[in-house]
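Features as listed in TrEMBL:
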- R78, R103, D130, P131, M132, L133, A134, T135, G136, G137, S138, D201: 5-phospho-alpha-D-ribose 1-diphosphate binding site (BINDING)
- I195, G200, D201, A202: uracil binding site (BINDING)
- 5-209: domain 'Phosphoribosyltransferase' (DOMAIN)
Amino acid sequence: MRLHVADHPLITHKLTVLRDEATPSPVFRQLTEELVTLLAYEATRNVRVSPIEIQTPVTTTTGVKISEPRPLVVPILRAGLGMLEGMVKLLPTAEVGFLGMARNEETLEPTTYAERLPDDLSDRQCFVLDPMLATGGSLGAAIEFLFRRGAQDVTAICILGAPEGVAAIEKQVAGRDVTLVLGAMDERLNEKGYIVPGLGDAGDRLYGTV
Ligand code: PRP
Ligand code: URA
């Protein structure tokens, strides 16, 4: 597994505002989108491209275009939805599939309550969006889902990760082509499975406590 933890003052600055409990939902949503666009730049470093001949006003030249089959972006509902716009800004031709998952707050086990993905993901590069990597249960289940459908490789973008979750994903995906891009690696999980210092419940901060 490849792990990239962002190290850029703009990202750390935006994360600081995101973490602040006084930051209201509209600002939180805007910052989440901006952070994903910044992280997507690194996450798409290995996106497959193929050569294409074009004519500039001066001459012909060879450039590149995103290869077929198009990359698949998979936000994990609900909180991952807040990352979608920031991602497709950078990859506008990507297709989008959805996975709905909720973590049981007692057992910390995820359940999948919705799925809208192509049956066959052979040859597809997949980009999973989930702001929080805590125990790794939700992201791990999403990654398994995609590989079972034949995905070629999976890149996950998370705003914050806990060392416990990163270790769990690393153990689970051993030998498979997985990249993890984090905005920051936090200190630890608390006794309730929340990331410390973290930012609280990402879904609630984006969309309220419905
Ligand atoms: C949060 C978060 C991740 C998950 C992380 O979702 O968005 O999906 O918890 O925890 P884990 O690494 O221990 O699995 P939640 O289940 O709260 O659902 P929500 O997005 O609907 O708020
Ligand atoms: N899910 C969240 O939204 N926040 C955490 O800190 C852990 C899991």
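A Cβ is built for glycine as well, from the same backbone N, Cα and C atoms used for every other residue.
Using CA atoms as reference points, the binding-site residues R78, G136, S138 were checked against D201 (uracil binding site), and the closest is R78. Local packing around the binding-site residues A134, G200 was summarised as the count of other Cβ atoms within 10 Å of each Cβ; on this measure the leading residue is A134.
In this structure, the C-alpha atom of I195 (uracil binding site) lies 6 angstrom from that of A134 (5-phospho-alpha-D-ribose 1-diphosphate binding site).
Only A134, I195, D201, of the binding-site residues A134, G136, I195, D201, place a Cβ under 6 Å from an atom of ligand 2. Within 10 Å of the Cβ of I195 (uracil binding site) there are 28 other Cβ atoms, across all protein chains. Comparing the binding-site residues D130, D201 on other C-beta atoms within 10 angstroms of each C-beta gives the minimum for D201. Non-local contacts of R78 (5-phospho-alpha-D-ribose 1-diphosphate binding site) by the CB criterion (under 8 A, 6+ apart in sequence, same chain) comprise G100, G203, L206, Y207.
According to DSSP, I195 (uracil binding site) sits within a strand segment. In the three-state DSSP assignment, the secondary structure recorded for S138 (5-phospho-alpha-D-ribose 1-diphosphate binding site) is helix.
In this structure the C-alpha atoms belonging to G200 (uracil binding site) and S138 (5-phospho-alpha-D-ribose 1-diphosphate binding site) are separated by 17 Å. For the binding site of 5-phospho-alpha-D-ribose 1-diphosphate, formed by R78, R103, D130, P131, M132, L133, A134, T135, G136, G137, S138, D201 according to the record, the largest Cα to Cα distance is 17 Å, rounded to a whole number.
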